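Each remark here refers to the structure printed beneath this line.
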Amino acid sequence: MMVAHPLPLLAILLQLLLSCLPALGYSNRFFYQDILNGNGNGEIHFNGVKLHVDSSQPSMFALRGSNATLSCRYWYEPELSSPRRVRVKWSWLPVMGGHETDVLVAIGPRIHSFGDFRDRVYLRQDSPGDASLVMTELQLNDTGRYRCEVIDGLEDKSATVDLELRGVVFPYQPPHGRYNLTYHDAQQVCQEQDSTLATFEQLFQAWEDGLDWCNAGWLADGTVQYPITKPRSPCGGLGLAPGVRSYGRRHRHLHRYDVFCFSSSLRGKVYYLQHPQKLNLTEAQQACLNDGAQIAKVGQLYAAWKFMGLDRCDAGWLADGSLRYPITNPRRNCGPMEPGVRSFGFAPPHHKHGVYCYSAVVVFPYQPPHGRYNLTYHDAQQVCQEQDSTLATFEQLFQAWKEGLNWCNAGWLADGTVQYPITKPRRPCGGLGLAPGVRSYGSRHRHLHRYDVFCSSSPLRGKVYYLQHPQKLNLTEAQQACFSNGAQIAKVGQLYVAWRFMGLNRCDAGWLADGSLRYPVTNPSRNCGPLEPGVRSFGFPPPYQKHGVYCYSAAG
């Protein structure tokens, strides 16, 4: 009696299962179809060959805004004589719990990323079997467990990598007092302060670093805990050893506590505004706006203290109406003799104090293809808009000058004045006898006079990248290559933002949308121009010349 081979039956059953997937809303069916129908690679058995998947680094740490590579490698035992086409899937389990979310799915050269990870992730594929996930522009909520799953027929193996962001944990209590936040309130107030709910691991690390706080607060997993380094009667009692005290899981809608928030590195900078007089809260908000910035949030102040060493013994307003100041070098008359962010709570809004501002714009000079001093005021408005930016204000240019912007060509500003910043006085730029500063031509006629322009751009939702292409391209080919890659050719303002806030560093000149040729350098090195950070320009070469290209993908 003949026995039917089981493999055709398995294939039929799998096909029947696939026919049900559209009704379930599953979007990746074509990958399974490829496995079943792929030129003899659709076998669903191994005849003694075993698939292995492993990660060489099962946990890793990174900072917001940086890139991270989550390692994953697969191989066969015994080794195969020819490569097989497998399906690689990365998924993410948020630290707050819930269901696994698809991050990326790939088979061969076909790759698709999903949701908030779209166009921020790709496979490294440095060698056969390399399925490592490269994540760019890390966000606060990217913390969690990532699963690398490799599927070959019915063989399905996986490995996990835990990603934790490094940063600073801070306790937060709202203006209306202690123990007033549900879990969902806690999520919202952290978000309002440019932060997210801290995880237990982050709180534990903060406790190891010395955080001591007697008020219990929500964590990302729905538990309520608090860190004690100095046991005392009101905080669990003198008899308990130092540690993180826990109330366990609490009802997310009914119970109310404070919260522990988590923030990481900044894209901009926080500074104490030098102002001739003290300000009430409304005046403080306006003063930051007048300085080309905005009033800082609590998470931003903590991040500036932690990562940028901000040290100022002056209490200042923050966006939530609290009054705080950061100390990295403790000294007399500046609070306790240990580093930290001091708080005076929520002062009456009519009281007069200083203010901490947050700036997240980059100012850049722009000269059009047809040469120097060719723009009326209205032309200047238009070219800035075309470069994904706006006319810079005097306050923004002044701030850029303080940070080192040195440019000898005069340009329009938003108020109709024409000015230029000089950090290194020299003959063609106002003369050697003048001190460094922002030189001004005053207000000029907006229709008759012509100059260059200073534009300003803010952080991007998407990303800028240098396109890996097998050959150099002319301008038309460069535009098409970005389009074929699901993106568009980058604009000048986008490249400056990627350089300033995302650390884009590339010693390869590439086409931009206006026909200019530029490249961004954050880590100066030999053969990459001057030994200082900046965006280098080669002007506007003939469009038939062959170069690389910078693309911009707007997907978040």
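Cβ atoms here come from the backbone N, Cα and C positions, even for glycine.
The Cβ of Cys214 (disulfide bond) lies under 8 Å from the Cβ of Tyr226, Ile228, Arg232, Pro234, Cys235, each on the same chain and at least six residues away in sequence. The disulfide bond annotation in TrEMBL covers Cys214-Cys235 (among others).
With a cut-off of 8 Å between CB atoms and residues at least 6 apart in sequence, the same chain places Leu273, Gln294, Ile295, Ala296, Val355, Cys357, Tyr358 near Cys288 (disulfide bond), listed in sequence order. Residues annotated as disulfide bond in TrEMBL: Cys288-Cys357 (among others).
Per TrEMBL, disulfide bond is recorded for Cys313-Cys334 (among others).
Sequence annotations record features per position, and here TrEMBL assigns disulfide bond to Cys408-Cys429 (among others). The number of other CB atoms found within 10 A of the CB of Cys408 (disulfide bond), across every protein chain shown, is 14.
Sequence-distant contacts of Cys482 (disulfide bond), defined by Cβ-Cβ distance under 8 angstroms and a gap of at least six in the same chain, are Leu467, Gln488, Ile489, Ala490, Val549, Cys551, Tyr552. If you look up TrEMBL, you'll see Cys482-Cys551 (among others) marked as disulfide bond.
Sequence annotations record features per position, and here TrEMBL assigns disulfide bond to Cys507-Cys528 (among others). For Cys507 (disulfide bond), the same-chain residues 6+ apart in sequence whose C-beta sits under 8 angstroms from its C-beta are Tyr519, Val521, Ser525, Asn527, Cys528.
According to TrEMBL, the domain 'Ig-like' annotation covers 65-164.
Here TrEMBL flags 168-263 (among others) as domain 'Link'.
Residues annotated as domain 'Link' in TrEMBL: 268-359 (among others).
The domain 'Link' annotation in TrEMBL covers 362-457 (among others).
For 462-553 (among others), the entry in TrEMBL reads domain 'Link'.
Among the features that TrEMBL reports, signal peptide is placed at 1-25.
Cys313 (disulfide bond) sits 37 Å from Cys408 (disulfide bond), taking the Cα positions as reference.
The two recorded residues, Cys429 (disulfide bond) and Cys334 (disulfide bond), show a Cα separation of 43 Å.
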